[in-house]
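Residues annotated as transmembrane segment in TrEMBL: 20-44, 56-77, 89-112, 133-153, 173-198, 210-233, 245-267. Residues or ranges marked as domain 'G-protein coupled receptors family 1 profile' by TrEMBL: 36-264.
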Amino acid sequence: MSLRVHTQFPRTQEDMAFNLTILVLTELLSLGGLLGNGVALWLLNQNVYRNPFSIYLLDVACADLIFLCCHMVTIIPELLPDQLNFPEFVHISLLMLRFFCYIVGLSLLAAISTEQCLATLFPAWYLCRRPRYLTTCVCALIWVLCLLLDLLLSGACTQFFGAPSYHLCGMLWLVVAVLLTALCCAMCVTSLILLLRVECGPERHQPRGFPTLVLLAVLLFLFCGLPFGIFWFSKNLFWHIPLYFYHFSFFMASVHSAAKPAIYFFLGSTPGQRLQEPLRLVLQRALGDEAELGAVREASQGGLVDMTV
(Lines of atoms letter the chains of each structure in order from A and count residues from 1; the text may use other names and numbers.)
(Lines give C-alpha, C1' and ligand atoms only; values in the text may rest on other atoms or scores of the structure.)
Protein backbone atom coordinates (compact mmCIF):
# COMPACT_ATOMS: atom_id res chain seq x y z
CA MET A 1 0.00 0.00 0.00
CA SER A 2 2.09 2.86 -1.25
CA LEU A 3 1.53 6.52 -0.54
CA ARG A 4 2.63 7.46 -4.02
CA VAL A 5 -0.31 8.54 -6.14
CA HIS A 6 -0.41 7.01 -9.58
CA THR A 7 -3.03 8.51 -11.88
CA GLN A 8 -4.10 7.48 -15.32
CA PHE A 9 -5.07 10.54 -17.27
CA PRO A 10 -7.91 10.41 -19.76
CA ARG A 11 -6.79 10.04 -23.34
CA THR A 12 -9.19 12.53 -24.88
CA GLN A 13 -7.79 15.94 -25.68
CA GLU A 14 -10.73 17.65 -23.97
CA ASP A 15 -10.18 15.87 -20.66
CA MET A 16 -6.45 16.47 -20.78
CA ALA A 17 -7.00 20.17 -21.46
CA PHE A 18 -9.50 20.38 -18.59
CA ASN A 19 -7.11 18.67 -16.15
CA LEU A 20 -4.25 20.89 -17.27
CA THR A 21 -6.40 23.98 -16.69
CA ILE A 22 -7.31 22.81 -13.18
CA LEU A 23 -3.66 22.15 -12.35
CA VAL A 24 -2.56 25.56 -13.63
CA LEU A 25 -5.29 27.25 -11.58
CA THR A 26 -4.18 25.23 -8.58
CA GLU A 27 -0.59 26.45 -9.00
CA LEU A 28 -1.67 30.09 -9.36
CA LEU A 29 -4.00 29.88 -6.39
CA SER A 30 -1.31 28.22 -4.28
CA LEU A 31 1.11 31.00 -5.21
CA GLY A 32 -1.39 33.60 -4.04
CA GLY A 33 -1.98 31.57 -0.89
CA LEU A 34 1.75 31.55 -0.15
CA LEU A 35 1.80 35.34 -0.32
CA GLY A 36 -1.32 35.74 1.80
CA ASN A 37 -0.27 33.28 4.48
CA GLY A 38 3.21 34.77 4.55
CA VAL A 39 1.76 38.21 5.29
CA ALA A 40 -0.63 36.74 7.87
CA LEU A 41 2.25 34.86 9.51
CA TRP A 42 4.32 38.02 9.76
CA LEU A 43 1.46 40.09 11.20
CA LEU A 44 0.39 37.38 13.64
CA ASN A 45 3.94 37.12 14.89
CA GLN A 46 3.75 40.81 15.81
CA ASN A 47 0.43 40.27 17.61
CA VAL A 48 0.94 36.85 19.18
CA TYR A 49 1.13 38.00 22.81
CA ARG A 50 -2.04 40.11 22.78
CA ASN A 51 -4.59 37.41 22.08
CA PRO A 52 -4.32 33.67 22.87
CA PHE A 53 -6.16 32.84 19.65
CA SER A 54 -3.37 34.55 17.73
CA ILE A 55 -1.15 31.59 18.64
CA TYR A 56 -3.64 29.20 17.05
CA LEU A 57 -3.86 31.25 13.86
CA LEU A 58 -0.08 31.62 13.78
CA ASP A 59 0.27 27.83 13.76
CA VAL A 60 -2.52 27.50 11.19
CA ALA A 61 -0.78 29.98 8.87
CA CYS A 62 2.52 28.10 9.30
CA ALA A 63 0.86 24.76 8.48
CA ASP A 64 -0.91 26.24 5.45
CA LEU A 65 2.31 27.83 4.21
CA ILE A 66 4.19 24.51 4.31
CA PHE A 67 1.20 22.69 2.83
CA LEU A 68 1.00 25.04 -0.14
CA CYS A 69 4.75 24.81 -0.76
CA CYS A 70 4.57 21.01 -0.90
CA HIS A 71 1.34 21.18 -2.89
CA MET A 72 2.87 23.36 -5.59
CA VAL A 73 6.01 21.24 -5.93
CA THR A 74 4.10 17.93 -5.89
CA ILE A 75 1.86 18.73 -8.85
CA ILE A 76 4.69 19.99 -11.08
CA PRO A 77 5.25 16.47 -12.53
CA GLU A 78 1.53 16.40 -13.32
CA LEU A 79 1.96 19.54 -15.39
CA LEU A 80 5.07 18.16 -17.11
CA PRO A 81 4.42 14.39 -17.19
CA ASP A 82 6.97 13.59 -19.89
CA GLN A 83 9.63 16.10 -18.89
CA LEU A 84 10.02 15.96 -15.11
CA ASN A 85 9.72 13.18 -12.53
CA PHE A 86 10.90 13.28 -8.94
CA PRO A 87 12.77 10.36 -7.37
CA GLU A 88 10.56 8.08 -5.32
CA PHE A 89 12.08 9.21 -2.02
CA VAL A 90 11.57 12.92 -2.79
CA HIS A 91 8.03 12.42 -4.03
CA ILE A 92 6.90 10.39 -1.01
CA SER A 93 8.62 12.85 1.36
CA LEU A 94 6.63 15.70 -0.18
CA LEU A 95 3.40 13.72 0.08
CA MET A 96 3.96 12.86 3.73
CA LEU A 97 4.94 16.42 4.65
CA ARG A 98 1.87 17.76 2.88
CA PHE A 99 -0.43 15.28 4.60
CA PHE A 100 1.22 16.08 7.95
CA CYS A 101 0.43 19.78 7.53
CA TYR A 102 -3.12 18.92 6.46
CA ILE A 103 -3.77 16.94 9.66
CA VAL A 104 -2.12 19.65 11.78
CA GLY A 105 -4.32 22.33 10.24
CA LEU A 106 -7.46 20.25 10.78
CA SER A 107 -6.56 19.55 14.43
CA LEU A 108 -5.79 23.21 15.09
CA LEU A 109 -9.12 24.25 13.59
CA ALA A 110 -10.94 21.78 15.84
CA ALA A 111 -9.05 23.15 18.86
CA ILE A 112 -9.89 26.74 17.90
CA SER A 113 -13.61 26.05 17.49
CA THR A 114 -13.75 24.12 20.77
CA GLU A 115 -11.96 26.78 22.80
CA GLN A 116 -13.98 29.59 21.23
CA CYS A 117 -17.17 27.70 22.06
CA LEU A 118 -16.06 27.38 25.70
CA ALA A 119 -15.10 31.05 25.81
CA THR A 120 -18.52 32.03 24.48
CA LEU A 121 -20.54 29.73 26.75
CA PHE A 122 -18.50 30.27 29.92
CA PRO A 123 -16.87 33.72 29.67
CA ALA A 124 -16.28 34.13 33.42
CA TRP A 125 -14.58 30.74 33.68
CA TYR A 126 -12.56 31.43 30.57
CA LEU A 127 -11.25 34.75 31.88
CA CYS A 128 -10.56 33.56 35.44
CA ARG A 129 -9.69 29.87 35.28
CA ARG A 130 -8.18 29.29 31.87
CA PRO A 131 -4.52 28.17 32.19
CA ARG A 132 -2.18 30.83 30.91
CA TYR A 133 -0.19 28.54 28.60
CA LEU A 134 -3.10 26.37 27.47
CA THR A 135 -2.95 27.49 23.83
CA THR A 136 0.81 26.98 23.57
CA CYS A 137 0.58 23.52 25.11
CA VAL A 138 -2.30 22.47 22.87
CA CYS A 139 -0.50 23.64 19.72
CA ALA A 140 2.73 21.89 20.72
CA LEU A 141 0.83 18.68 21.51
CA ILE A 142 -0.94 18.78 18.14
CA TRP A 143 2.32 19.17 16.22
CA VAL A 144 4.01 16.35 18.16
CA LEU A 145 1.11 13.88 17.89
CA CYS A 146 0.57 14.59 14.18
CA LEU A 147 4.30 14.15 13.55
CA LEU A 148 4.22 10.82 15.37
CA LEU A 149 1.25 9.68 13.30
CA ASP A 150 2.97 10.79 10.11
CA LEU A 151 6.13 8.88 11.02
CA LEU A 152 4.10 5.76 11.78
CA LEU A 153 2.42 6.02 8.38
CA SER A 154 5.78 6.51 6.70
CA GLY A 155 7.24 3.48 8.43
CA ALA A 156 4.26 1.19 7.79
CA CYS A 157 3.33 2.27 4.26
CA THR A 158 6.71 3.10 2.67
CA GLN A 159 10.26 1.80 2.63
CA PHE A 160 11.70 4.68 4.66
CA PHE A 161 12.43 2.49 7.69
CA GLY A 162 12.50 -0.96 6.12
CA ALA A 163 9.94 -3.23 4.51
CA PRO A 164 6.39 -1.84 4.65
CA SER A 165 3.67 -3.63 6.60
CA TYR A 166 0.50 -3.58 4.53
CA HIS A 167 -1.70 -4.80 7.39
CA LEU A 168 -0.40 -2.14 9.79
CA CYS A 169 -0.65 0.47 7.05
CA GLY A 170 -4.32 -0.33 6.49
CA MET A 171 -5.02 -0.19 10.21
CA LEU A 172 -3.29 3.18 10.54
CA TRP A 173 -5.29 4.66 7.68
CA LEU A 174 -8.48 3.46 9.37
CA VAL A 175 -7.30 5.21 12.53
CA VAL A 176 -6.69 8.39 10.52
CA ALA A 177 -10.17 8.08 8.99
CA VAL A 178 -11.69 7.78 12.47
CA LEU A 179 -9.61 10.77 13.60
CA LEU A 180 -10.80 12.86 10.67
CA THR A 181 -14.42 11.93 11.41
CA ALA A 182 -14.05 12.76 15.10
CA LEU A 183 -12.43 16.13 14.39
CA CYS A 184 -15.10 17.02 11.82
CA CYS A 185 -17.86 16.08 14.26
CA ALA A 186 -16.23 18.17 17.00
CA MET A 187 -15.98 21.16 14.68
CA CYS A 188 -19.58 20.81 13.53
CA VAL A 189 -21.00 20.48 17.05
CA THR A 190 -18.99 23.35 18.53
CA SER A 191 -19.66 25.55 15.50
CA LEU A 192 -23.39 24.87 15.72
CA ILE A 193 -23.41 25.78 19.41
CA LEU A 194 -21.35 28.87 18.64
CA LEU A 195 -23.71 29.87 15.83
CA LEU A 196 -26.77 29.52 18.04
CA ARG A 197 -25.07 31.51 20.77
CA VAL A 198 -24.05 34.29 18.39
CA GLU A 199 -27.41 34.50 16.61
CA CYS A 200 -29.79 33.87 19.52
CA GLY A 201 -27.81 34.95 22.58
CA PRO A 202 -27.80 38.36 24.28
CA GLU A 203 -24.69 39.35 22.27
CA ARG A 204 -26.40 38.96 18.91
CA HIS A 205 -26.45 42.73 18.26
CA GLN A 206 -22.79 43.21 19.17
CA PRO A 207 -19.87 42.99 16.71
CA ARG A 208 -19.21 39.34 15.89
CA GLY A 209 -15.41 39.42 15.57
CA PHE A 210 -13.55 36.21 16.12
CA PRO A 211 -16.57 33.84 16.50
CA THR A 212 -17.61 34.70 12.96
CA LEU A 213 -14.07 34.04 11.77
CA VAL A 214 -14.17 30.59 13.38
CA LEU A 215 -17.52 29.76 11.78
CA LEU A 216 -16.30 30.82 8.34
CA ALA A 217 -13.08 28.82 8.76
CA VAL A 218 -15.05 25.68 9.67
CA LEU A 219 -17.39 26.10 6.70
CA LEU A 220 -14.38 26.65 4.44
CA PHE A 221 -12.87 23.38 5.59
CA LEU A 222 -16.09 21.38 5.20
CA PHE A 223 -16.62 22.57 1.64
CA CYS A 224 -13.03 22.94 0.41
CA GLY A 225 -10.61 21.08 2.70
CA LEU A 226 -12.58 17.90 3.37
CA PRO A 227 -12.46 16.57 -0.25
CA PHE A 228 -8.67 16.35 -0.05
CA GLY A 229 -8.85 14.15 3.05
CA ILE A 230 -11.56 11.97 1.50
CA PHE A 231 -9.41 11.47 -1.58
CA TRP A 232 -6.36 10.38 0.43
CA PHE A 233 -8.26 7.94 2.60
CA SER A 234 -10.13 6.49 -0.37
CA LYS A 235 -6.91 6.12 -2.37
CA ASN A 236 -4.94 4.41 0.39
CA LEU A 237 -7.82 2.17 1.47
CA PHE A 238 -8.45 1.17 -2.17
CA TRP A 239 -11.96 2.58 -2.22
CA HIS A 240 -13.31 3.48 -5.65
CA ILE A 241 -13.37 7.20 -6.43
CA PRO A 242 -14.12 8.95 -9.74
CA LEU A 243 -11.06 10.03 -11.68
CA TYR A 244 -12.14 13.66 -11.89
CA PHE A 245 -12.20 13.84 -8.08
CA TYR A 246 -8.39 13.66 -8.08
CA HIS A 247 -7.78 17.11 -9.56
CA PHE A 248 -10.91 18.53 -7.95
CA SER A 249 -9.67 17.67 -4.45
CA PHE A 250 -6.25 19.20 -5.20
CA PHE A 251 -7.82 22.44 -6.41
CA MET A 252 -10.18 22.68 -3.44
CA ALA A 253 -7.29 22.03 -1.04
CA SER A 254 -5.55 25.08 -2.51
CA VAL A 255 -8.73 27.12 -2.07
CA HIS A 256 -8.96 26.00 1.55
CA SER A 257 -5.41 27.04 2.46
CA ALA A 258 -5.30 30.18 0.33
CA ALA A 259 -8.68 31.66 1.30
CA LYS A 260 -8.06 32.01 5.05
CA PRO A 261 -5.99 35.23 4.82
CA ALA A 262 -8.72 36.68 2.61
CA ILE A 263 -11.28 35.85 5.31
CA TYR A 264 -9.14 37.65 7.91
CA PHE A 265 -8.90 40.69 5.64
CA PHE A 266 -12.56 41.02 4.68
CA LEU A 267 -13.84 40.26 8.17
CA GLY A 268 -11.54 42.75 9.88
CA SER A 269 -11.69 45.56 7.34
CA THR A 270 -14.20 48.39 7.38
CA PRO A 271 -16.47 48.59 4.30
CA GLY A 272 -15.36 51.42 2.07
CA GLN A 273 -11.88 51.60 3.61
CA ARG A 274 -10.47 48.15 2.83
CA LEU A 275 -7.53 49.50 0.85
CA GLN A 276 -6.73 52.32 3.26
CA GLU A 277 -6.48 50.68 6.67
CA PRO A 278 -3.20 49.20 8.01
CA LEU A 279 -3.13 45.43 7.74
CA ARG A 280 -2.19 45.07 11.40
CA LEU A 281 -5.31 46.95 12.47
CA VAL A 282 -7.44 44.83 10.15
CA LEU A 283 -6.05 41.63 11.63
CA GLN A 284 -6.54 42.82 15.19
CA ARG A 285 -10.17 43.66 14.43
CA ALA A 286 -10.72 40.23 12.87
CA LEU A 287 -9.28 38.61 16.00
CA GLY A 288 -11.63 40.66 18.16
CA ASP A 289 -8.76 42.15 20.17
CA GLU A 290 -10.60 45.40 20.89
CA ALA A 291 -13.72 43.64 22.17
CA GLU A 292 -11.70 41.09 24.15
CA LEU A 293 -9.52 43.71 25.76
CA GLY A 294 -12.61 45.67 26.71
CA ALA A 295 -14.19 42.60 28.27
CA VAL A 296 -11.04 41.84 30.24
CA ARG A 297 -10.85 45.43 31.53
CA GLU A 298 -14.49 45.29 32.64
CA ALA A 299 -13.93 41.96 34.37
CA SER A 300 -10.79 43.28 36.06
CA GLN A 301 -12.66 46.33 37.36
CA GLY A 302 -15.34 44.03 38.73
CA GLY A 303 -12.78 41.96 40.62
CA LEU A 304 -13.23 38.87 38.44
CA VAL A 305 -9.80 38.63 36.91
CA ASP A 306 -6.38 40.17 37.08
CA MET A 307 -4.49 39.27 33.95
CA THR A 308 -2.67 40.82 31.02
CA VAL A 309 -3.76 39.86 27.53
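In case you wondered, yes, glycine gets a Cβ from its N, Cα and C as well.
No curator has checked TrEMBL annotations; they are predicted automatically.
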- Relative to the transmembrane segment (210-233), which of 56-77, 89-112, 133-153, 245-267 accounts for the most Cβ pairs at distances under 8 Å? 245-267
- Message: Under 8 Å between C-beta atoms and at least six residues away from its ends: which parts of the chain pack against the transmembrane segment (245-267)?
- Response: 5, 7, 19, 22-23, 25-26, 29-30, 32-33, 36-37, 39-40, 57, 60-61, 64, 67-68, 71, 75, 102, 105, 212-213, 216-217, 220-221, 223-225, 227-228, 230-231, 274, 279, 282-283, 285-286
- Taking every residue in the domain 'G-protein coupled receptors family 1 profile' (36-264), what is their average pLDDT? 85
